[in-house]
Amino acid sequence: MSPCPPQQSRNRVIQLSTSELGEMELTWQEIMSITELQGLNAPSEPSFEPQAPAPYLGPPPPTTYCPCSIHPDSGFPLPPPPYELPASTSHVPDPPYSYGNMAIPVSKPLSLSGLLSEPLQDPLALLDIGLPAGPPKPQEDPESDSGLSLNYSDAESLELEGTEAGRRRSEYVEMYPVEYPYSLMPNSLAHSNYTLPAAETPLALEPSSGPVRAKPTARGEAGSRDERRALAMKIPFPTDKIVNLPVDDFNELLARYPLTESQLALVRDIRRRGKNKVAAQNCRKRKLETIVQLERELERLTNERERLLRARGEADRTLEVMRQQLTELYRDIFQHLRDESGNSYSPEEYALQQAADGTIFLVPRGTKMEATD
């Protein structure tokens, strides 16, 4: 059985006059024609505007004002209609989303009183659907937190700007339904590349500059200490004379001024340490000079060795050439020598020897020719 409208709506229809019932009848016919064409698949925002009605397609529906049956309940009698309509509506086809069969995909039954009495939804409330409840805190927190974490100096102005933006969003929700520009990238991140190096640069330079500044103080510490000690003991001459004067001049200087035992001990200590320092400097200087001289001598000897090696190679090559030439000369001479029988001498059995006067003799190998005057 089809659902019926509530009792309040039915009583409201009973109290209407005849003229008002005629106007409601026309309005209801227009609504039914629109729902039959569109299949009642409209969105959740109903729009019932009488200025643009759909064309009239056929005879009007039954005279009932609700999806109930034609016979009303016994407890709620209805007045007779002002005019009679055809009882049979068999010539009008029943669409799939017909009103009589209630094949309408809605959550509550449709009634004339309900449609007319139900107020339209507020457009601002519709725009608020999907927005998170509560104040827009996530948009303000990233800016203020990131500014503090990155040592950004303008964190207070960013916080005020985020508060002002939240107030505007609450006032003008219809103009700015969803805002993301401030949450995508905080403004402090754009300045992080410039603020971090400026803060780290002095820290990186301080350790390196400290030892460099302390070196001149360490070098002049001994001299300044001797000067302070001499000034405290009231020595009447500077420390440069104590260290640099020769022995005779230094003794004359001490004899010229009457000094106490403590002053003499201090002067001799300053001279001893100054002389040791000068001697150490001279020793280092002599060592450096000796090292430089040895390096130069080593370089000279290396060059001389290379020259001698080249000369030895040339001498070996010359000696080899002379041996080859001597062998060829032996072969040539023995080819021209003949004995009484006309036979040639063998180089393996005979050898050529030269006397002191330059005469050359042919002698058997293994014998030596005695020198003759």
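Placement of Cβ uses the backbone N, Cα and C atoms for every residue, glycine included.
Within the model, the region 'Transactivation domain' (1-206) carries an average pLDDT of 50. The region 'Transactivation domain' annotation in Swiss-Prot covers 1-206.
The motif 'PXY motif 2' feature in Swiss-Prot is assigned to 79-83.
What Swiss-Prot lists as region 'Leucine-zipper' is 291-298.
Swiss-Prot lists K368 with the feature SUMO1 cross-link.
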Across the region 'Leucine-zipper' (291-298), what are the DSSP residue counts per state (helix, strand, coil)? 8 helix, 0 strand, 0 coil
